[in-house]
Ligand code: ACO
């Protein structure tokens, strides 16, 4: 801890401790503010509030830096695998090869889901959004795995975490298969985490499926890029749900619900839809003008970020991955050219420069995912698969944090003051 913060309210002077992390802004510890001053703080959207201490992920939004347990995202995306990043986030250190082998085998052995879950899927309409299905089926895991819902037992917490990471791709592939009317495919334990997911999604029982190594690598990298992102809306939702003691499957279902929103995980779907609507580069100025118009609710999707006021480091990797996937699949989607041109024009436009609006991770991911063959409705589901790693790691960290309490924000009440009830005939 460093200096104290001095604060004066209604003639009363109080001091609050200032806490320093290993890197990043200090925080003023205001836990005693209400007791000492009878006042709350007001911070809708938590723009100046640290809700917890965490050792997992560090973001410097001004510099465009993202570190997981100290490792830069660019290095992880280039050199590691999603399983390695999952291990790192859960355990704090990169695994040795034996540890990685054991971890990957453990995850692989949990990839099957209870057979009865297949019947659960059949209750949904065929045109249900896969995120609607995911909210339901992931929450339903609580009803299938009673032996890993006691959050006070560290062993059960680990099993639940492994189950969630392992079963998400299976459930996601099932949601996809259900929407296109094809049979579900069981996992194949001879494949990698990502290869297995691609096969369960795009394979059919009638013929062998060969995993394209370039697509597998690109998909694995996309999972790495989405694995964790500090205290974002869905992670905070998972922590808040978990703070009441709710079981991990229910907490992750809450995170999925939050992720679905277009301002969060739904943005890559919205970004690709926007690129399709723009169509050709000639129409870009019209859309930039709309994004700048105060009277038009339109925003450039895939642009801007609450934390990054610089280029999102994940967008850099994503842009490079687009080219790799296009080369591997021998495709060339003209929307990529539109995206590149839109980025160039926006980055040279005063409005976007002044407001520090840069492409975020979602700007290019839609173009890649679409080239791989995913319908837009699956984009947020893919995000949810990857983010499950961050969610469970953050949830585990929260459960073991001695400062952890049930999350219970207060409010600035602006409604009527106390009044007397009048029976209906007297109103
Ligand atoms: N297009 C046009 N203007 C924008 C955009 C955009 N994409 N994003 C922000 N602005 C403008 C706002 O109109 C606002 O202008 P004002 O100060 O004149 O009122 C200013 O920039 C600040 O925007 P806020 O919404 O206050 O910033 P906030 O931090 O709350 O929002 C957010 C961040 C939600 C990501 C926003 O930039 C946005 O809506 N972007 C588009 C959606 C998107 O891409 N979301 C993905 C986020 S990344 C992720 O979840 C993985």
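Glycine is treated like the rest: Cβ placed from N, Cα and C.
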363-386, 387-410 - the range that TrEMBL marks as transmembrane segment: 363-386
Close approaches to the transmembrane segment (363-386) from elsewhere in its chain (Cβ under 8 angstroms; 6 or more beyond its ends): 82, 129-131, 134, 168-169, 172, 175-176, 179, 197, 201-202, 215, 218-219, 222-227, 255-256, 259-260, 265-266, 268-269, 271-273, 275, 301-303, 315, 318-319, 321-322, 325-326, 329, 331, 333, 335-336, 339, 343
Distant-in-sequence Cβ neighbours of residue 305 (active site), under 8 Å, six or more positions away: 61, 312, 358, 360
